[in-house]
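**Student:** Next up is a structure, given as structure tokens.
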């Protein structure tokens, strides 16, 4: 009797402290929607085969979701009369893409198991499947996130790291979300795929001396001093559509496209980590996968919090 009282007392104390809460799980949809993961994987593979760049776009959607009030699919919400969504935030406007792929996946899942799979979980799984589709590492995605009922334009503008940041600001930006400098470098390796707009690297091309001169000349042809803001160049010019460690080799050769990229190898505290990843792709893959699991676990809505949106762009 005394033991049971102690047990219930402890449980009550833990509840008061908020230590007992629903956890994410790798088997969350095993019985409620057993075809969820295969449905997402097939759709992502189809989209990436159609356009390789989409892999980077879907990975980025998950990142831009998680860094703004957690992985809750707030990034997918359209503006309403009661809140302004995150799609028009500085880091997202004319930049984030892949919403249509997520919508396609959501409609497929709604047809086989309505009201079960969250948009936030779709983003997390699609990010992993995109990396795998482009020959990168895999990881087991934790599931059970629920979708937010609001969004935050302000947080999207303030919490997402900028491609113009110096190393110290990058370290702080990621530290604010619980990441070490090492994890920040690993996650930055996602720039082994994808493209960036001229607007975001023009100053680096024309005014920075830490850019390989041959690459600079090549980039200038596609990114003039004025105009062509939306002209695209690959973040990794060596293997632009393969998820590998070339990004880090590029940094060692002053071939980082963005200012923030080259800051990781510029005589600072992260140089040694860049060297490690440029030499050993297996180490990069392992660290990247671990950091992605950690990112996917930022402040999820679980249990009865939030909802399972029927349409990812709208609150139910």
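Even glycines carry a Cβ here, placed using N, Cα and C.
Keep in mind that TrEMBL annotations are predicted by a computer and have not been checked by a curator.
Small disclaimer: the values here were computed from a predicted structure and weren't measured.
As annotated in TrEMBL:
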{"type": "SIGNAL", "residues": "1-22", "note": "signal peptide"}
{"type": "DISULFID", "residues": "33-113", "note": "disulfide bond"}
{"type": "SITE", "residues": "60", "note": "site 'Transition state stabilizer'"}
{"type": "ACT_SITE", "residues": "64", "note": "active site, proton acceptor"}
{"type": "BINDING", "residues": "65, 68, 70, 72, 74, 86", "note": "Ca(2+) 1 binding site"}
{"type": "DISULFID", "residues": "66-71", "note": "disulfide bond"}
{"type": "DISULFID", "residues": "119-312", "note": "disulfide bond"}
{"type": "BINDING", "residues": "191", "note": "heme b binding site"}
{"type": "BINDING", "residues": "192, 236, 239, 244", "note": "Ca(2+) 2 binding site"}
{"type": "DISULFID", "residues": "198-223", "note": "disulfide bond"}
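Structural setting of the listed features?
**Tutor:** In this view, residue 113 (disulfide bond) is surrounded by 15 other Cβ atoms within 10 Å of its Cβ, with every protein chain counted.
Counted within 10 Å of its Cβ, the other Cβ atoms near residue 60 (site 'Transition state stabilizer') come to 23, all protein chains included.
Sequence-distant neighbours of residue 64 (active site, proton acceptor): residues of the same chain at least 6 apart with a C-beta under 8 Å from its C-beta are 75, 86, 91, 92, 96, 156, 160.
Counting every protein chain shown, the number of other Cβ atoms lying within 10 Å of the Cβ of residue 71 (disulfide bond) is 30.
Within the same chain, residues at least six positions away from residue 191 (heme b binding site) with a Cβ under 8 Å of its Cβ are 235, 236, 247, 257, 258, 261.
All protein chains considered, the CB of residue 192 (Ca(2+) 2 binding site) has 28 other CB atoms within 10 Å.
Sequence-distant neighbours of residue 198 (disulfide bond) (same chain, 6+ apart, CB under 8 A from its CB) are 222, 223, 224, 228, 229, 230, 231, 232, 233.
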**Student:** If you count Cβ atoms within 10 Å of each one, which of the disulfide-bonded residues 33, 66, 119, 312 comes out on top?
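**Tutor:** The residue with the densest Cβ neighbourhood is 119.
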**Student:** Using an 8 Å cut-off from the Cβ centroid of 192, 236, 239, 244, can you name the remaining same-chain residues around the Ca(2+) 2 site, in sequence order?
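**Tutor:** Going along the sequence, the neighbours appear as 193, 238, 240, 242, 243, 245, 246, 247.
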**Student:** Measure from the CA atom of residue 239 (Ca(2+) 2 binding site) to the CA atom of residue 71 (disulfide bond) and give the result in Å, rounded to a whole number.
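**Tutor:** Distance (Cα to Cα, whole Å): 29 Å.
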**Student:** Report, in whole Å, the straight Cα-to-Cα distance of residue 239 (Ca(2+) 2 binding site) from residue 119 (disulfide bond).
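**Tutor:** Computed Cα spacing between residue 119 (disulfide bond) and residue 239 (Ca(2+) 2 binding site) is 31 Å.
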